[in-house]
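This is the feature table in TrEMBL:
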BINDING   LEU12, GLY13, PHE14, GLY15, THR16, VAL17, GLY18, SER19  NADP(+) binding site
BINDING   LYS106  NADPH binding site
BINDING   GLU191  L-homoserine binding site
ACT_SITE  LYS206  active site, proton donor
DOMAIN    351-427  domain 'ACT'
Amino acid sequence: MSGAPYIRVGFLGFGTVGSGAYRMLEDNREAIARKVGAEIEVVRIGVRDEAKKRCASPSLLTTDLGSVVDHREIDVIVEAMGGLDPAGELIERALRRGKHVVTANKELIARRGAELVGLAARQGLDLHYEAAVGGGIPLIQPIKHQLAGNDILRMAGILNGTTNLILSRMTDEGEPLETVLAEAQGKGYAEADPSSDVDGHDVQFKLAILSSVAFGKAVRPEQIYREGIRGIEQADIAYAKTLGYVIKLLGIVEAVEGGSILGRVHPTLLPKAHPLAAVGGVYNALCLRGDFVGDVTFMGRGAGGEATGSAVVGDLIDVCRNMRIGGSGDAAPFSGEANARPIEELTSAYYVRVVVPDRPLVLGAIATIFGRRNVSLSAMEMRVIDTKLNHGEIAFLTHRCLEADLRQAVEELRHAPEVLRVCNWIRVETL
Ligand code: NAP
Ligand code: HSE
């Protein structure tokens, strides 16, 4: 687009996400310039190792990240390096220097979003973070804009590509967690420390961000209950299948009475007919319920350079359009802190798997323990697992009950003479 003005951009980080965004800017340069009414020019790229081979000219690279945020001609900073610091310090410095910011950093936004969004708003600048949640799926902007008139009642989603790939392949191919995790790392899906994916921290960060945007109050990650997928065994996957379910790592948040929220991240048994049950591989999806709009489902690739690069570039285009009309489109700071309820107050159905001696009265004793805690059973699968020792395994499904009651029942089962081992217990989502 000859004669069009230039908007100059600096990148902090040029790994999976940074290079994905850069390639999109290069490949779709003309169309993007037409849509923005200006050329987007990347003038500096901050990295750790200048010697690495990249898809951008070596002349753009620097290891001096401060020089990127301080660069006089740069209007917008794209942060795709990850971690709390130096990323946080650099974003703050960029905002104080009057530069708009686009970031993919979910940990930083989950922990310091309220403060940084507030700073951006006071500075009259944009701070966009669409890529931080759900990879290429537009989630933040629709919730912040088109759905903003609704009271959000509930959100439930598959929000981590790595663990969804792992659980899908454990289910479909019987592959072990470690093998699929190595593949996810090779494809650039996993976090720098993959325990963030496997232990549920990544979803906790994403759910904190989504909740803050949806409920308009800052939700800290620690206000969201968290479990990862390390405890899921092939036996759980097999029983779930027999009972008509699949196991997914979900992030779920609900508005509860009195203006509080209850947020949680954990493996979940999903009925096969549930809209999230068929979301496999690296795909993510979010089911949202608003008081006026009703149920809305978003789905798409949740990780990887191209999908996430698309979200970064979308944010960048939005910033550039706002710059062209001289206004910030993002000023939506959170008002105060959310009040969160503990997981013990959850009402849910549950799956419980135990190993027992295969002899009379065992089943009755277990049913009595559940019954004493107001937990009513809805289904059961059993099999002999050791004919020599005469050991059997039973998988129970319960009706909906209070989590505090279920936990007490499980604790009692652990000490009951009729139970050799409580192998696992998992929450069950109903339709
Ligand atoms: P990555 O591939 O490891 O890339 C990180 C980049 O940042 C690299 O270019 C690295 O430089 C640079 N970097 C990191 N620390 C640095 C430091 N202290 N000084 C200078 N440069 C530094 O990571 P990524 O997967 O692109 O993820 C980046 C961010 O996006 C993270 O916050 C992540 O959570 C988020 N995210 C990732 C995805 C995904 O699918 N991967 C999706 C959504 C959001 P070198 O290249 O020289 O090592
Ligand atoms: N590690 C993350 C995932 C990247 O696997 O979903 C996308 O946020």
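The backbone N, Cα and C atoms fix where each Cβ goes, glycine too.
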Counting across all protein chains present, how many other Cβ atoms fall within 10 Å of the Cβ of SER19 (NADP(+) binding site)?
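20, counting other Cβ atoms within 10 Å of SER19 (NADP(+) binding site).
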Going by Cα-Cα distance, which of the recorded positions (LYS106, GLU191, LYS206) sits nearest to PHE14 (NADP(+) binding site)?
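Nearest candidate: GLU191.
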Tell me which recorded positions (PHE14, THR16, GLY18, GLU191, LYS206) have a Cβ under 6 A from ligand 2; sequence order is fine.
GLU191
Nearest by CA distance to LYS206 (active site, proton donor): which of the binding-site residues is it, out of LEU12, VAL17, LYS106, GLU191?
LYS106
How would DSSP class the residue listed as 'active site, proton donor' in three states?
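Where the residue listed as 'active site, proton donor' sits, the three-state DSSP reduction gives helix.
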Using a 10 angstroms cut-off on Cβ to Cβ distances, just flag whichever of LEU12, VAL17 is the loneliest among these binding-site residues.
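Output over binding-site residues LEU12, VAL17: least Cβ neighbours within 10 Å is LEU12.
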Within a 10 Å radius around the Cβ, which one of these binding-site residues has the most neighbouring Cβ atoms: GLY15, THR16?
THR16
Would you count the other C-beta atoms found within 10 angstroms of the C-beta of PHE14 (NADP(+) binding site) for me?
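The Cβ of PHE14 (NADP(+) binding site) has 25 Cβ neighbours within 10 Å.
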So if I take the recorded positions (LEU12, PHE14, SER19, LYS206) and measure from each Cβ to the nearest atom of ligand 1, which come out below 6 Å?
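Only PHE14 meet the Cβ criterion.
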Give the number of CB atoms, excluding that of LYS106 (NADPH binding site) itself, located within 10 Å of its CB.
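Neighbour count, Cβ to Cβ under the 10 Å cut-off: 28.
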Distance check, please: Cα of SER19 (NADP(+) binding site) against Cα of LYS106 (NADPH binding site), rounded to an integer number of angstrom.
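Rounded to the nearest whole number, the Cα-Cα distance is 18 Å.
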